[in-house]
Amino acid sequence: MVDIALRSAVVAFMVVSLSAMFTSTQHSEVHIIGFSIPVSLRWNRSQPFEFLVVVELLICAYAFVQFVYQSVVLAKNAVPTRRCIWVQLAADQVCAYLVLAAAAAAAGASRTNKSGFQSLGMQNIKVPGVCIVLDKFCNRATIAIIFTLLAAGASGISVTLDVYMLTLTYYMG
């Protein structure tokens, strides 16, 4: 029962994160030394954000399949085999690490967007950070990262539950 709740939480967190990423598009202009330069940012123009979206889609699909599987096991009142629990443990660990890696990559890119363009290396020319100019994009990316980290936490708890279930199968016979 707890596993089903964790799987549904992962799916919900991923859906919120994906919707934040898919709607994070913004266009603006930067004024430098009298010139107006148009800038725009979208999730698919940054490799870390692309990685985040691809991982979120994969993990969301995996969590949904596991949700359906756990629901069927619960409905049939069946007990999963040790082999099945081992496979689930391995897959859950891979998913938890993947989600954490994607969140870390996106957080690094987001941090660069906030401060990466503070200076061009000249004393008198200052360029504002991307997030000052494109604040809507950065706010939605931050929301996506937060919900991805929540999904990573739920995946980590699911791994712990898998270990507990595996321990029970060894002690129960």
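Glycine residues also receive a Cβ, built from the backbone N, Cα and C atoms like all the rest.
Keep in mind that what you see is a predicted model, and the values were worked out from it rather than measured.
Swiss-Prot assigns Arg45 and Tyr171 to opposite sides of the membrane. For the transmembrane segment (49-69), same-chain residues at least 6 beyond its ends with a Cβ under 8 Å from one of its own Cβ atoms are 3-4, 7-8, 10-11, 14-15, 17-18, 21-22, 43, 88, 91, 95, 98-99, 101-103, 105-106, 109, 141, 144-145, 148, 151, 155. Residues of the same chain lying 6 or more positions beyond the ends of the transmembrane segment (2-22) and with a Cβ under 8 Å from any Cβ of it are 43, 49, 52-53, 56-57, 59-60, 63-64, 66-67, 70-71, 74, 140-141, 143-145, 147-148, 150-151, 154-155, 157-158, 161. Mean pLDDT of the predicted structure over the topological domain 'Extracellular' (23-48): 77. A C-beta separation below 8 Å, combined with a sequence spacing of at least six in one chain, links Asn44 (N-linked glycosylation site) to Glu50, Val53. Secondary structure of the topological domain 'Cytoplasmic' (162-173), assigned with DSSP and counted as helix (H, G, I), strand (E, B) and coil, comes to 11 helix, 0 strand, 1 coil.
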